[in-house]
Every structure is written in structure tokens, then in C-alpha cells.
Amino acid sequence: MATGGSNPSLNFCAECNNLLYPEVDRSNHVLLYSCRNCNYREEARENVVFRNDLKSVSKEQPGVIDSIRTDPTLPRRHDHICPECGHSESVYFQDQSKRIQNRMILFYVCTNCEACYMDELATDQR
């Protein structure tokens, strides 16, 4: 059971002792705490603000790790010029973000200066 005050606390189910999660009862316009394991629900006793933020930002992010240029598992190209230093060798990998409409985006990492850049075709199609 939650305690009052300014500090947030955890609420536990009176039937199975599992964690209670906030849930909105839109028909009665109240905030409930409900158990995900059984049907136990209780009305929130203190005034709290419940925010259910579903917005997530998904954009192309390379996820480059240290010493990626020496990774033997990544494919290499010798004809892709680095925009930073002009070196022609790079390793490349595909964008790992999950989207419904997913076009293939390749990220390149220069083996000389470790500059990360995207495929020109992907940047032209934006």
C-alpha cells in the first residue's frame, strides 16, 4: 500500500503481493493501481500525476563501438571515400532501428579516422 507524502512509493497487491501498476479508469475518471497477475485493483489514495507517454523518437543512430574499424566480422569496402579524410577503406553495417516502414540504411566507419557517415543514397531519399 502506498504512503502519502512527496516521495513516490511502490504499491503492492493485497492478494498476491506483486507490484501494482497505475491504470486510468476513464469511465469513473480515477487513477487505479492494478495487479498484472490477478484482478486486484485499488483506487489511488493520494493525489498523484500519472503520465502515460507513448511518444518515442526513432531515428537513424549508428551505435558505433570502440575499435569498430578493426572488427573482423564487419564487411569492408575499398571504394567508399571518407568525407572527413578522403581515405577509401571503410567498414559498414545496417541501421538497427525498428520501424514499420524500414528502408535499409548503411552506416560507414572510416578505417583511418573512424568518422561515421551514412550511405549517400539514404541521405538523398530523405
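Backbone N, Cα and C define each Cβ position, glycine as well.
As the structure is a computational prediction, the values presented were derived from the model and not from experiment.
Per TrEMBL, the range carrying the annotation zinc finger out of 13-38, 91-116 is 13-38. The Zn(2+) 2 site, placed at the center of the C-beta atoms of CYS82, CYS85, CYS110, CYS113, has further neighbours from the same chain whose C-beta lies within 8 angstroms: PRO83, GLU84, GLY86, HIS87, SER90, THR111, ASN112, GLU114, ALA115.
Note: the Zn(2+) 1 site is recorded as CYS13, CYS16, CYS35, CYS38; in the same chain, ALA14, GLU15, ASN17, ASN18, LEU20, ARG36, ASN37, ASN39, TYR40 also have Cβ atoms within 8 Å of that site's Cβ centroid.
The distance from the Cα of CYS16 (Zn(2+) 1 binding site) to the Cα of CYS85 (Zn(2+) 2 binding site) comes to 62 Å.
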